[in-house]
Amino acid sequence: MPVTTDPGYQGPSVHVAASLPKHDVSSSVLIVPVVSASDSDESEDRPGAVVAAAEPFLTAAAVAEIEAGLRALEATGGSDQVHRLVAPSLPVGSVLTVSLGKPRSEWPADTIRRAAGVAARSLGRAEVVITTLAELPGESGASICSAVVEGLMLGSYRFTDFRSRKTAPKDNGLRKITVLANAKDAKKQSAHGATVASAVATARDLVNTPPSHLFPAEFAKCAKTLGESAGLEVEVLDDKALQKAGYGGVIGVGQGSSRTPRLVRLIHQGSRLAKNPKNARKVALVGKGITFDTGGISIKPAASMHHMTSDMAGAAAVIATITLAAQLKLPIDVVATVPMAENMPSGTAQRPGDVLTQYGGITVEVLNTDAEGRLILADAIVRACQDNPDYLIETSTLTGAQTVALGSRIPGVMGSDKFRDRVAKTSQQVGENGWPMPLPDELKDDLKSTVADLANVSGQRFAGMLVAGAFLREFVADGVDWAHIDIAGPAYNTDSPWGYTPKGATGVPTRTMFAMLEDIANHG
């Protein structure tokens, strides 16, 4: 029976088998991991790459056949190399080898996830795959089957919603995955991986959807549909409700657009699933949902402005994370607060020098309308803290300074020292590679305003990410452990695909946040 996933992104079906099929499946591709041969293995009769994890699924004859093909292709076994071979002794159409580099006694889950992603991107028109990747020995605690499924699904992801027949792919993409595995929990792990990958793909879909089709009202509608399908309680505040309740940041940022802002609340009451509901933790999630960011009156340069379709990636990840928590029935309470607005220049847009009253009463002088994300996040943080959470995790494409400091693949993590470090460590474990950043107390002095409680930017050129983090810290309630994940670069890949990461939306940091929820559910 296939492993099924809940409603949402419709990816391939996932199956687990204890052996290769006996009958001919010539339409399928067998993905086999290989490693570089050790010095003692290399000879005229041995290739530079050798098959890993052969037993019990591949016979000695099949291994010899594959390695002969690798030798003919002069494969070296270097990381991320792929080769397509024909192995007549096997009941498959072809064999795709993916190299993991030097041999190891234990493999990190993300190394295997990445190899699976590389293989998936090399499948061509193949719709059915079988793989022995799950038989690689993982590090202690690593969920290898889950990593394999995640890598294959995320690597094969593609977004074609707006392509006509003229440019749409002629094939259906990857439709079926069979993981060869003998582990007792292989089916459970594979199901977990499929559900996680589907959530990440949902986040990617939202980010890749152009702002012509995903504006605040439509984004809120999508969030409501996804939330209700997962069994979440959903509350949507429109512009009139936001104005009445005093969400000055969201209203101020959104007032320049004809498309009015929204704020969505998604609630997972998982504590009732806990063994001891009274001791179950409560987590608040907040994600920035700027559906398009021109910069407003402080307008951005035109050259790369089209990438600002991704300025709602934090919101997409938060929505995907909480629906995933509901689908996998995490025994903790999770509440997501998601502000949504479009930042446009117009005769009604906020001006540099305007003063906003944020939700909760703090006044902010808007010195730069392109520092708008922190304004809507501030409203959402105050509202989220009214629920008295134990932890607050928020994420956004907060600052271009994140890419200056850490590049396009490493999120910056700021917040309460211990919790920040916990989030960063978890991010590194799942392969999203967050890095802890400091928030020096003196940064608050740079946010002084001559007319309001705070200014939304400092007069300094430097430490822009940290200054934004210091601004957000002013809105976090005392006693709440919190972390902000700045994904300005990692949320959207403008370079070539790599690993299981496509060009365009990446889904970062969905897996980090969900892994944190799992960790909190298990360890408090």
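Every residue gets a Cβ built from N, Cα and C, even glycine.
The model shown is predicted, which means the values in this text are computed figures rather than measured ones.
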Per Swiss-Prot, Lys288, Asp293, Glu372 bind Mn(2+) 2; matching candidate in Asp311, Asp354, Asp390: Asp311
Candidates Lys288, Asp293, Lys300, Asp311 (recorded positions) - the one closest to Arg374 (active site) by CA: Lys288
Listed binding-site residues Asp293, Asp311, Asp370, filtered to Cα within 10 Å of Lys300 (active site): Asp293, Asp370
Cβ contacts of Asp370 (Mn(2+) 1 binding site) (under 8 Å, same chain, 6 or more positions away): Asp293, Gly295, Gly296, Ser298, Ile299, Lys300, Asn343
For Arg374 (active site), the number of other Cβ atoms found within 10 Å of its own Cβ: 26
Cβ-centroid neighbourhood (8 Å) of the Mn(2+) 2 site, Lys288, Asp293, Asp311, Glu372 excluded: Val253, Gly289, Ile290, Met308, Met312, Ala341, Asn343, Gly373, Ile376, Ser396, Thr397
